Amino acid sequence: MTLLENILSPQDLIGLSDAELKNLAGELRNRILETVSKNGGHLASNLGIVETTLAIHRVFNNPEDQIVFDVGHQCYTHKLLTGRQQVFSSLRQWNGISGFTNRKESDKDAFGAGHSGTSISAALGLAMANQLDGKENYVIAVVGDGSFTNGMIYEALNNCNKKNLRLIIILNDNEMSISENVGGLSNYLSKIRNSQNYFNLKHQTQSLLHKIPTIGDGLIEGTRKLKKHIKKRVVAENFFEHLGLDYLGPVDGCDLKKLESVLSEAKSKTNCCLVHVHTVKGKGYVHAEEHPEMYHSSGPFDQVKGIEKKASEDSFSAQFGKIMVAAANADDSICAITAAMTGGTGLDHFSLTHPRRFYDVGIAEEHAVTFAAGLSANGKTPVCAIYSTFVQRVYDQLIHDAAIQKLPLIMALDRCGLVPGDGITHQGIYDCSYLSTIPGIEIYSPETYDEMKQSFATCFEAPKLAIIRYPKGAQQQYDRSGFNLCGEFCYQDFDDTGRNQGDPEIVMVTYGRITKNVYEAVQLLKANHRIRLIKLIQVYPLNSEKILSLIGQPRLVYVLEEGIRSGGIGEKLAAAIAQHDGCKPDTIRIRAIEDPLMEQGDLAALDGYCGFLPPQIAAEIAEISKAK
Ligand SMILES: Cc1ncc(C[n+]2csc(CCOP(=O)(O)OP(=O)(O)O)c2C)c(N)n1
């Protein structure tokens, strides 16, 4: 039996010897590596934080003391120590456990996450609630240095200057976001790390100051002044202390003993205390230590060989990168902006070929968009590349800083639609609904690389506030040769009924990745039904006249949308039909995402859950047709 198998709860960590703890850390790393290499996941961040998590669980009493992990992608050791060993092999799989913290999964996950920068606000709320209830439990927020580039972190820190709040912030500084961390804060943290001796000196001086006795009335004032003077000369405060927090560190994140000692000291502080821990991303797996960015988040790979480097051009992200480089070569007003996702959005090559017009602003989507609007106001053509799920944060910036000011701005939305693996917090299924409410916006949802290229060309030609949205991965493969292109959409008629009686009985409307599923459903139906399949490329605003005249008067209009139903393109089309005199179908059905709170899984599982698999679509249509 391994040591890890004996750890059924954090209480089992108490009483382990130093040697046993060291072995346990090794076992945890092996288990994480073994699982991530099979299922995919966030390897490097998790390997780096093993000892820190062990120390937290030895010093604090979870779940009474609550731990809030920022982003939540680095919580694997926490899951393994808190009763989830048996199910750990189901990490990120359908009906399995989440790759992030999740309140539904365990009461040991005090707060769920997936998006960066929320931990300190949430932890402060938890701690305040405890204080109101007279509880003495601690709340511990664990935040990476990458996430410290987030505006919300500072909004929360600004509120942490309260006395007797049992809140401890652990800054997990591995010098990396997904790629190298950026900006002034990253430089500042490196300065703090490099002044280790200075902080040791500060620590010693502070202890000494406490020991100076204040004897006699006359001496009291003098001693106070002396203390103040020494403090000013030797014990300069850092940024966190200026905000009213206590600061401890930097402490070596591989040294369990030191970590435990510093965390115990943090418990004794009356101010909110920030503990600065220096860790190594990828620790213990040589491939990940050498290439932490590559192992930040990955699919399955061979443990011995590591991830094979292949220059894949076959993805929407890679195509976007190529489009941007070509466009910037031809037009020197074009700029690219990313919020800490250079590799994920396909902008690596752009960052090298056009470094002056490339901006990685850190995990700061709100800032990215307003910054881009500023570039736009002074004549540049900014393209902001952000994942659909993270664009949820920039609704106000798009309205307030782009739309109202009538500033052209192109948003390249990656990972739209259903996203496998990461789960509930990462689905790109809301964007069409809420972004279509922004005045003057245009939304394109290309299904192919050619359509993507054309969408960008249209937006570059006549700059506007536009969204170009596309899915994770590669373009779907199937025979599209029968489609007729009509500008903003294309269509194809199918009829193997032999009846050849003119207009289609069923019109199916869809867009994006899911078109292939609809196309395959049509193949199952076309022997019995005359069908017209319309694929939208520009999904908003709809060219209603053109589309509605093509829809005509069928028995059924069936819209399939890989997004939430409420406010989606399907509902907009249904409203347009209702107001149109010429387009009068007997029935309109919308199949869209009804339950956006679905958990993680692969694409087939997610499609199946939503009723998007071709046989499911065909069966639904056959059923509706039978009832008519
Ligand atoms: C709002 C938001 N933007 C982008 C991301 C994608 N993302 C996930 S982890 C990460 C880097 C986090 O860096 P850090 O906090 O230092 O943690 P580390 O992985 O280095 O431990 C990013 C950019 C996200 N989760 N949330």
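Backbone N, Cα and C define each Cβ position, glycine as well.
Going through Asn95, Asn164, Asn174 against TrEMBL, the one listed in the thiamine diphosphate site together with His73, Gly114, His115, Ser116, Gly146, Ser147, Tyr285, Glu365 turns out to be Asn174.
Over all protein chains present, the Cβ of Asn174 (thiamine diphosphate binding site) has 23 other Cβ atoms lying within 10 Å. The number of other Cβ atoms within 10 Å of the Cβ belonging to His73 (thiamine diphosphate binding site), over all protein chains shown, comes to 21.
Cα of Glu365 (thiamine diphosphate binding site) to Cα of Asp145 (Mg(2+) binding site): a span of 16 Å.
Asp145 (Mg(2+) binding site) is 14 Å away from His73 (thiamine diphosphate binding site) when you measure Cα to Cα. Long-range C-beta contacts of Gly146 (thiamine diphosphate binding site), restricted to its own chain and to partners at least six residues apart, with a cutoff below 8 Å, comprise Ser116, Met176, Ser177, Ile178, Asn181, Ala340, Gly362, Ile363.
In this structure the C-alpha atoms belonging to Asn174 (thiamine diphosphate binding site) and Asp145 (Mg(2+) binding site) are separated by 7 Å. When Cβ atoms from all protein chains are considered, those within 10 Å of Asp145 (Mg(2+) binding site) total 21, not counting its own.
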